[in-house]
Amino acid sequence: MPSSLTIGSTLKLNTGAHLPILGFGVWDSPQNLTVKSCLEALKVGYQHIDTAQGYSNEKEVGEAVKQSGKARKDIYVTSKIWEAGSDVDSTYERCAGSVKKIAGDDGFLDLMLIHNAAVGAEPRKNMWLAMEKLHAEGKFKSIGVSNYGIGHIEDMKSYAKVWPPAVNQLELHPWLQQREIVEYCHKNGIVVEAYCPLVRNQKADDPTLNEVAKKHGKTTAQVLVRYCIDKGWSPLPKSDNPGRIAQNAVVFDFQLGKEDLEKLDAMPQETPLVLAVDNKSTA
């Protein structure tokens, strides 16, 4: 990634839309803090907020967007559908519910994802077909997936009108690089988003990570966010601490060198915090 990147830089999706290169995650953000945290993030320059039906804070994200004073076009909002209905029509209503909660009856979402491939083949199909309808109606500007392996994405070809998905959101950090699916996504024009990029602060004492951070005069969290950016991924760091929210965005005044990336790439691949995809499964 070029060193000229800024917090306003974007990655181009296969829909022609542009995804902000840095996102703000609100997983596990309690409802009483979500609005405040999102407003803090928007104030310091984040342009993308990533929520989900399963986070139970879509409404609060929508409230933050309203309170921010920014034009809707200047804030990129993502949500995810957690569970399909019994058919495409009922699933459509569940998807439309996210639009209503976040953006109101006349609003839209910039990106909608299927949260997890593990729900099964038929629910995945119902979700995608429902999302395609909302995409065609302009309610979802782009549609994508999360936690999908290669088999799941290939299986979509049997029913999808919109293929490939615009995005695949995965758990990614030096200790879980998921190289096979990442390479597949890059080859097929699917933008990769990285959740848990900070490894939930579990690697803050890692000697190699600290060595790289000291070299650049940065925190370990800033190095981990920049690592994702230099790998061509869009990281979604999460925090409800105002100081850390701001700090995690100060990653465009340095760049990891080849040696730094090689050291971090060489980290042992460990058990995921959330999920490593199964690239062979279509179940």
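Heads up, residue numbers simply count up from 1 along the chain you see.
In case you wondered, yes, glycine gets a Cβ from its N, Cα and C as well.
What TrEMBL records for this protein:
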type: DOMAIN; residues: 35-266; note: domain 'NADP-dependent oxidoreductase'
type: ACT_SITE; residues: Tyr55; note: active site, proton donor
type: SITE; residues: Lys80; note: site 'Lowers pKa of active site Tyr'
type: BINDING; residues: His115; note: substrate binding site
Residues satisfying Cβ distance under 8 Å from the residue listed as 'substrate binding site', sequence separation of at least 6:
Ala52, Gln53, Gly54, Lys80, Ile81, Trp82, Ser146, Asn147
Same-chain residues at least 6 apart in sequence whose Cβ lies under 8 Å from the residue listed as 'active site, proton donor':
Val26, Trp27, Asp28, Ser29
Between 0 and 100, where does the mean pLDDT of the domain 'NADP-dependent oxidoreductase' (35-266) sit?
98
Ten-angstrom check, please: count other Cβ atoms within 10 Å of the Cβ of Lys80 (site 'Lowers pKa of active site Tyr'), all chains counted.
25
